[in-house]
């Protein structure tokens, strides 16, 4: 809305010789600081009381300056719609985040399964993944490639339960993948929303509308159908995926409660989480497997696969950190709902790619169960969005 501006004759510098150029007023009467603070508003000005105006051929000069109107107009200008170019750039940025996140996750799962097939020691594999990410971020901080986070003792105290849950979820998922197909692990992990609702309802005392509970039916039913028809079903692999779901639900709960108000970027937050998880996991990895088992397994892997196993271990460690880092960075740019939908699509890409690459045999009824579970996850995301909108 263009504000009305009333200008007196004194605001114009008019002479008989320059009557034709008198249509452009002097802008010196405007405060230049106000001029710099307002949005660009073109005004078409002419003197209505000038006798020469009626004799001139009607013309309008575009006045290209910034006008300070009123406090209300200033607030209105701040609430202007984001330009289409900025909106398109943001959409492109989010698309790049998602594409990178999915690609890195697919690559990690492929190399992780290759490593576990040749070197079936999930506790050591999980430890190496965290160690690699921790080393990468420490190097980035020391060399100032990334600004180190400003943390205190309270931050690390709040991070500890998050790290415990993250460690359990990470190891449990790796154990699952060492026993069953990658696709089956991710089908079971798509049931994480069901664990989230159940934990929130029976432990935290939160209540949800009926559509949220109904959306859990296809998730639970689809996962059950996929598990019942899995050709290479393994109870340890199944329970590992279920424990991973539960652990990651508690990780999210602890993170929301303990890290509220902590000003740490997504990249540095995950780096701190990796470091603390590594400290927690290393002693348990030694106790559960130990150097003797690792040495024997390493010799067997070299004999069966050759030096490629070393490359596989390095690749899965690097890509594990990168895909998690990108996912935490994307949380700084998108809403939790968009992230949830992206996570669902990520599982689809991992399931499909792993079936193709590893030539995993899939029955039609097994694929139907996976599709139902993933569709239920999508419905859950939509119902949670409606719940958030109604609560605003």
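Each position is counted from 1, following the chain as shown.
The backbone N, Cα and C atoms fix where each Cβ goes, and this holds for glycine too.
Listed features, source TrEMBL:
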- 92-381: domain 'Sugar phosphate transporter' (DOMAIN)
- 94-111: transmembrane segment (TRANSMEM)
- 123-146: transmembrane segment (TRANSMEM)
- 158-178: transmembrane segment (TRANSMEM)
- 235-254: transmembrane segment (TRANSMEM)
- 266-288: transmembrane segment (TRANSMEM)
- 364-381: transmembrane segment (TRANSMEM)
Per Cβ pairs under 8 Å, the stretch of 94-111, 158-178, 364-381 packing most closely against the transmembrane segment (123-146): 158-178
Confidence summary for the domain 'Sugar phosphate transporter' (92-381), mean pLDDT rounded: 89
Positions whose Cβ lies under 8 angstroms from the transmembrane segment (94-111), at least six residues beyond its ends: 177, 182, 186, 312, 315-316, 319-320, 322-323, 326-327, 329-330, 333-334, 338, 342, 345-346, 349-350, 353-354, 357
Tertiary contacts of the transmembrane segment (266-288), as residues 6+ beyond its ends and Cβ separation under 8 Å: 123-124, 126-127, 130-131, 133-134, 137-138, 146-149, 151, 155-156, 159-160, 162-164, 166-167, 170-171, 259, 321, 324-325, 328-332
Residues of the parent chain within Cβ reach of the transmembrane segment (364-381), under 8 Å, 6 or more residues beyond its termini: 183, 187, 190-191, 193, 197, 212, 215-231, 337, 340-341, 344, 347-348, 351
